[in-house]
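Colleague: The annotation disulfide bond is assigned in Swiss-Prot to CYS34-CYS107, CYS67-CYS70, CYS113-CYS307, CYS192-CYS218. Among the features that Swiss-Prot reports, site 'Transition state stabilizer' is placed at ARG61. The active site, proton acceptor feature in Swiss-Prot is assigned to HIS65; the stated evidence is sequence analysis. Among the features that Swiss-Prot reports, Ca(2+) 1 binding site is placed at ASP66, GLY69, ASP71, SER73, with the record citing sequence analysis. The feature N-linked glycosylation site is assigned by Swiss-Prot to ASN262, with sequence analysis given as support.
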Amino acid sequence: MAMGSASCISLVVLVALATAASGQLSSTFYDTSCPRALVAIKSGVAAAVSSDPRMGASLLRLHFHDCFGCDASVLLTGMEQNAGPNVGSLRGFGVIDNIKTQLESVCKQTVSCADILTVAARDSVVALGGPSWTVPLGRRDSTTASASLANSDLPGPSSSRSQLEAAFLKKNLNTVDMVALSGAHTIGKAQCSNFRTRIYGGDTNINTAFATSLKANCPQSGGNTNLANLDTMTPNAFDNAYYTNLLSQKGLLHSDQVLFNNETTDNTVRNFASNAAAFSSAFTTAMIKMGNIAPLTGTQGQIRLSCSKVNS
């Protein structure tokens, strides 16, 4: 996870460094050093998603929570994993570890955990019927992680639109990027504790029948980890139904529905709801931008032997 800037000057420097670093990434990075890398990642993801369709959303979320600074810091045991937005909810570590073990057996200390996670996120979307995109490669792995930075950088389920925009802008992602990346909630589930307030009177911008249906598995007390689909229409398909849900006030999280609530983002939501191709194009563009946030390249960081711990 990349560190936030302390001043306008440092922000300019960080953006410049991030741009320079992303320029060192290349889609052909492993063509010679580990030519089967992408095939191995795709195979590992396909098997995992076939066994558990929810795993696709979990890997995509894992990438998002790492890629407010794409350095595989979120994969390190403890620290960042214990941050509020992550604790008890991140999944997919075993899938990444298995892929890493396979790659280490054929390409010793060559393919970074950061790249594995970035490619796995893309392959998860594809496995669930979503669009594909070319992933620039060559990231290296961090040797540290920070729970405090995760707490301060990652938006939460109760975030307002302005809070979401501020969090994304901090990472050089614009409002369209924000709305497009939120569309990842077309797959996956959320815990009751993250939407309880919304369905029990905390929000007025919610479909009454939708709220009632959610209460059956999310009581006012207890059941914090009970799950509900983020997209009730097509929960295991990566499509644009998320935005259709928002038009009907059926966004599961407060941070979902604020994107369509007499806000400046309303027209973008309408566009994505009616035009799947527009959503796919914006989503892939935003994913590439997010994957290029402050990567470690060259001699920075390391190539971990195990994704869960730094090299000894």
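Cβ atoms here come from the backbone N, Cα and C positions, even for glycine.
I'd like to know what surrounds each of these features in this structure.
Modeller: Mapped onto three states, the DSSP output places CYS107 (disulfide bond) in coil.
For the recorded site, ARG61 (site 'Transition state stabilizer'), the DSSP three-state label reads helix. With a cut-off of 8 Å between CB atoms and residues at least 6 apart in sequence, the same chain places LEU90, ARG91, GLY92, ALA184, GLY188 near ARG61 (site 'Transition state stabilizer'), listed in sequence order.
The number of other CB atoms found within 10 A of the CB of ASP66 (Ca(2+) 1 binding site), across every protein chain shown, is 29. DSSP assigns ASP66 (Ca(2+) 1 binding site) to a helix.
Residues within less than 8 Å, Cβ to Cβ, of CYS70 (disulfide bond) and separated from it by at least 6 positions along the same chain comprise HIS63, ALA114, LEU117, THR118, ARG139, MET290, GLY291, ASN292, ILE293, ALA294, PRO295.
Other Cβ atoms within 10 Å of the Cβ of CYS113 (disulfide bond), summed over all protein chains shown, number 30. The DSSP secondary structure for CYS113 (disulfide bond) is helix.
In sequence order, ASN217, CYS218, PRO219, GLY223, ASN224, THR225, ASN226, LEU227, ALA228 make up the list of same-chain residues 6 or more apart from CYS192 (disulfide bond) whose Cβ falls under 8 Å from its Cβ.
In the three-state DSSP scheme, ASN262 (N-linked glycosylation site) falls into the coil class. For ASN262 (N-linked glycosylation site), no same-chain residue lying six or more positions away in sequence has a CB closer than 8 A to its CB.
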Colleague: Are there any residues at least 6 positions away along the chain from CYS67 (disulfide bond) with a Cβ closer than 8 Å to its Cβ? List them or say none.
Modeller: THR118, MET290, GLY291, ILE293
Colleague: Hey, what's the Cβ neighbour count for ASP71 (Ca(2+) 1 binding site) at 10 Å?
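Modeller: Other Cβ atoms within 10 Å of ASP71 (Ca(2+) 1 binding site): 28.
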Colleague: Counting across all protein chains present, how many other Cβ atoms fall within 10 Å of the Cβ of CYS218 (disulfide bond)?
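Modeller: Around the Cβ of CYS218 (disulfide bond), 24 other Cβ atoms lie within 10 Å.
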Colleague: Spatially speaking, which of the recorded positions HIS65, ASP66, SER73, CYS113, CYS307 is closest to CYS34 (disulfide bond)? Use C-alpha to C-alpha, please.
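Modeller: Among HIS65, ASP66, SER73, CYS113, CYS307, CYS113.
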Colleague: Measuring Cα to Cα, how far is CYS307 (disulfide bond) from ASP66 (Ca(2+) 1 binding site) in Å?
Modeller: 13
Colleague: For the disulfide-bonded residues listed here, CYS34, CYS107, CYS307, which shows the highest count of neighbouring CB atoms within 10 A?
Modeller: CYS307
Colleague: If I take the Cα of ASP71 (Ca(2+) 1 binding site) as reference, which of the recorded positions HIS65, CYS107, CYS113 has the closest Cα?
Modeller: CYS113
